[in-house]
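Novice: The feature transmembrane segment is assigned by TrEMBL to A:15-35, A:42-64, A:102-123, A:190-216, A:237-258, A:270-295, A:307-328.
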Amino acid sequence: MDAILLQILNGLDKGSAYALIALGLTLIFGTLGVVNFAHGALFMIGAFCAVMLSRLLSLSYTTIDPDRTDFLGNPLKVETPYVEAWFGPETGAAIIDWSVPLAILFSIPIMAVIGLVMERGLIKYFYKRPHADQILVTFGLAIVLQEIIKYFFGANPIPTPAPDVFAGSFDFGAMIGMDPNVIIYPYWRIVYFLFAAVIIGGVFAFLQYTTFGMVVRAGMADRQTVGLLGINIDKRFTVMFALAAVVAGLAGVMYAPINSPNYHMGMDFLVLSFVVVVVGGMGSLPGAVLAGFVLGILESFASMAQVVSLLPGINQIIIYLVAIVILLTRPRGLMGRKGVMES
Amino acid sequence: MTLIRKPLSRRSILRAGAAGGALLATPTIFTSRAWSQGYLNEPTGSTVTLGFNVPQTGPYADEGADELRAYELAVEHLNGEGDGGMMSTFSSKALKGNGILGKKVEYVTGDTQTKSDAARASAKSMIEKDGAIMITGGSSSGVAVAVQALCQEAGVIFMAGLTHSNDTTGKDRRANGFRHFFNSYMSGAALAPVLKNAYGDDRKAYHLTADYNWGYTTEQAVRESTEAMGWETVETVKTPLAATDFSAYITPVLQSDADVLVLNHYGGNMVNSLTNAVQFGLRDRVVNGRDFAIVVPLYSRLMAKGAGENVKGIFGSTNWHWSLQDEGSKAFVRSFGQKYGFPPSQAAHTCYVQALLYADACERAGTFNPCGVVEALEGFEFDGLGNGKTLYRAEDHQCFKDVLVVKGKENPSSEFDLLEIVEVTPVEQVTYAPDHPQFAGGALGTCNSGA
């Protein structure tokens, strides 16, 4: 029982990342009709926004300590962050410690601008091209973005810890009346899940309860009619592309403390997120979220030693297996709409 | 025109027979230097070309960049530039700083991408198009085994870079291939006594193992070494190489009664699995009244940097560390540090040493002929290259030397000062028979000069 509960918890935070990326993918596909293979790269850039802010906050000036030496025997250069000099050692250290949550604010304008530039500068030229062309150009873009990040940050993962207050784990089992020391869960993963829930809720509320959102939903349902009403739907869809980039970026920022960011992390998530979108139903936002969590949890269960010993290799194919079964039984996915990607 | 033939006399037959007999009876020591002609890519001009095959893209690109820095430094030193680095501390004095055998050393580079097929393609190109006489480098055992086999087929020497799997000098050993780096068996043999001292002899270990060749040999080595001293292995779980989030593999450890987690992971896998293990509180966990322990059999400074604070207090092993205080290490760190501004990694060290060892073997053999180089390296004993007295064993082309057991430092003084040396395990403790079961099933075969 406790093992099952733990795997559900694991699946929830992995599912949160899948759901956030798949939500953005679906937003772009549902509005612009573009299959964006560069979406994983946006997730990765989000994580590197956290790295970037952490480095900016840690910018230091150098003093020489004549009493200590470096590895070559020269007087040691001591680095002191400017924020510690400006705000005092304690406050300065606390600001650096909170760089990941602060990066949420830092990343929003960056991701929005990247989204706008991507859409206006490249992707808009591919709206009327076949999906295969869109996939090729966005996949190429993803590789370019990946290499740019590698050029500046290297190929090694970069540790980007959560604030000290969220470091470590807590006894979830004891909290719900089970034996102590059995279900231990990291604080930050719970924070990640809650954060994802807030973002997903925010996006749905925005689409559901604002005029802008209502127009976008109308445009997703029937773009031509909305255009005939004199509404510039293209402009709104461009904003939605930027919003999807921000969602992917935020997912990446908050994921940085879970796994040290590296230039390849977007690709690791991209393929799985596409499967999530297809299973959820192309163009369906609730479908993307539901499939994200379902597949995240299934993947966690398939990784259990007992399951792997029974069915070796199942942990690596479970998501694709489920996708095949669902597409055979429900060709439009869990919550797919009629007419999407159907000629 | 008349052709006049001399009739064969009894005396001329006797003379020819005596000369032929003397030639056959000559000891091989006199003929070993006769490797002068008829081999692949024989340098004919004033230069000799070496091929540095390192990961320049892909997950080990940073490690590959450090390897390349080391090779460039080695080329400088071989050509008589710079401060000479470890050439001055090397026990063999065959190298003169005038290139190799008087030919200036030049080099070409290839990108392995840490993919066997890409590594083979780049090595092949360097051999066939650039005329490389020797291939060296790499940051993965899969790549090392693949490129070693290619070099054997082609007829050039392969001086392996960072490769830790037993198989490189075990079941996949080749006559043209040589490894200076240590291996999984040595890690297990060096770590076990230190772990026993630190954690006792009745621990229960849970292994998470990367699902590929290196993972298997490392798991086997550590498992057999720790079981021999009384530990019990409660579970071994293979994790996909492409895995990034290890939470689903870490949480069952919490459910088991294991009190030690062994992470047979390297590179990004190790960084992520260790980070996840620490996030789930394993380092602070108490099981059966004892502190839970995490072990990482193969450490590198670059990986430790990626894992950040999570490495604190965690044991592992390494081939070399820049903080060693022998004259060879100090000379190399000084030379590398002055050129690049930071200390070298263990990958850089092994690559630099391999380049010097190859050049030295050519000088001692008096030829670039691969079969002459093989003969010069087999059974070669040397010192002064950072690992103490070392033997290139003839039977498997594996270097035998001391192994370092290290621990993540609690209070690092800089971004490079992440590991502290806990013990220098003497070579006798990590030496094994050439036909040890963990290395069985392979044969060197005969050297190939590509003629």
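Backbone N, Cα and C define each Cβ position, glycine as well.
Automatic prediction, not curation, is the source of TrEMBL annotations.
Values in this document were obtained by computation on a predicted structure and should not be read as measured data.
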Novice: Among the recorded stretches A:102-123, A:237-258, A:270-295, which has the greatest number of Cβ pairs closer than 8 Å to the transmembrane segment (A:307-328)?
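Specialist: Looking at each of A:102-123, A:237-258, A:270-295 in turn, the most contacts to the transmembrane segment (A:307-328) are made by A:270-295.
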Novice: The transmembrane segment (A:190-216) and the transmembrane segment (A:270-295): do they have three or more Cβ pairs under 8 Å, with pairs 6 or more apart in sequence?
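Specialist: In contact, yes.
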Novice: So what's near the transmembrane segment (A:237-258) in sequence-distant terms, Cβ-Cβ under 8 Å and 6+ beyond its ends?
Specialist: 13, 16-17, 20-21, 23-25, 27-28, 31-32, 36, 39, 42-51, 100, 103-104, 107-108, 110-116, 118-120, 123-124, 160-162, 166, 188-189, 191-192, 195-196, 199, 203, 206, 212, 216, 219, 265-266
Novice: Among the recorded stretches A:15-35, A:102-123, A:190-216, which has the greatest number of Cβ pairs closer than 8 Å to the transmembrane segment (A:42-64)?
Specialist: A:102-123
